[in-house]
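The structure under discussion appears below in the form of structure tokens.
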Amino acid sequence: MSGGKYVDSEGHLYTVPIREQGNIYKPNNKAMAEEVNEKQVYDAHTKEIDLVNRDPKHLNDDVVKIDFEDVIAEPEGTHSFDGIWKASFTTFTVTKYWFYRLLSALFGIPMALIWGIYFAILSFLHIWAVVPCIKSFLIEIQCISRVYSIYVHTFCDPLFEAIGKIFSNIRINMQKEI
């Protein structure tokens, strides 16, 4: 019944009958088709973003976490006035915070665009150039490896076996004379 219309026992109309085994385009049966329709589809482009923990994989723990105490420190005996120290701390912290925000507002989206394009190109090249080249190389090198294997077993194995037998009979006796 290919190419025609098919009505199942419940009156649902199909253009192509759903076979028991199914195929790559249609689910195996009507029950599975309903399950597929009920499942939520998750798209990698629409996943939720965590606005609280913005570094869940801890990429920048040891690099960018710079606080006032990591940069400026006064050893014992050389302390400035407490007010100056507090003002310096506040100035450093607020400047770092707002200047980072300003830079990310100005350059964040263009840099995200640049890095997105870069990693898209990198992924494209890896998928469409690197992996096929490696697979092609592995296929081509199999022929060479078979020829090399025959060469080794034909010429090198007997040669080195003979050399091994020659040197296996060498005995060294060391005696210490007093």
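Counting begins at 1 with the first residue displayed.
For all residues, glycine too, the Cβ spot is worked out from N, Cα and C.
Copied from Swiss-Prot, the annotated features are:
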CROSSLNK  K5  ubiquitin cross-link
CROSSLNK  K26  ubiquitin cross-link
CROSSLNK  K30  ubiquitin cross-link
CROSSLNK  K39  ubiquitin cross-link
CROSSLNK  K47  ubiquitin cross-link
CROSSLNK  K57  ubiquitin cross-link
INTRAMEM  105-125  intramembrane segment
LIPID     C133  S-palmitoyl cysteine
LIPID     C143  S-palmitoyl cysteine
LIPID     C156  S-palmitoyl cysteine
MOD_RES   S2  N-acetylserine
MOD_RES   S2  phosphoserine
MOD_RES   K5  N6-acetyllysine
MOD_RES   Y6  phosphotyrosine
MOD_RES   S9  phosphoserine
MOD_RES   Y14  phosphotyrosine
MOD_RES   Y25  phosphotyrosine
REGION    2-94  region 'Required for homooligomerization'
REGION    82-94  region 'Interaction with CAVIN3'
REGION    131-142  region 'Interacts with SPRY1, SPRY2, SPRY3 and SPRY4'
REGION    149-160  region 'Interacts with SPRY1, SPRY2, and SPRY4'
REGION    167-178  region 'Interacts with SPRY1, SPRY2, SPRY3 and SPRY4'
TOPO_DOM  2-104  topological domain 'Cytoplasmic'
TOPO_DOM  126-178  topological domain 'Cytoplasmic'
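Note on the region 'Interacts with SPRY1, SPRY2, SPRY3 and SPRY4' (167-178): DSSP counts are 2 helix, 0 strand, 10 coil. Under 8 Å, Cβ to Cβ, and six or more positions away along its own chain, K47 (ubiquitin cross-link) finds no residue.
Put simply, of the recorded positions K57, C143, C156, the one whose Cα is nearest the Cα of C133 (S-palmitoyl cysteine) is C143. Residue counts for the region 'Interaction with CAVIN3' (82-94) under DSSP, split into helix (H, G, I), strand (E, B) and coil, are 13 helix, 0 strand, 0 coil. Here C156 (S-palmitoyl cysteine) is positioned 19 angstrom away from C143 (S-palmitoyl cysteine), judged by their C-alpha atoms.
The DSSP breakdown of the region 'Interacts with SPRY1, SPRY2, SPRY3 and SPRY4' (131-142), given as helix, strand and coil counts, is 12 helix, 0 strand, 0 coil. Residue density at C133 (S-palmitoyl cysteine): 10 other Cβ atoms are found within 10 A of its Cβ, drawing on all protein chains shown. Neighbours of K57 (ubiquitin cross-link), defined as other CB atoms within 10 A of its CB across all chains, total 7.
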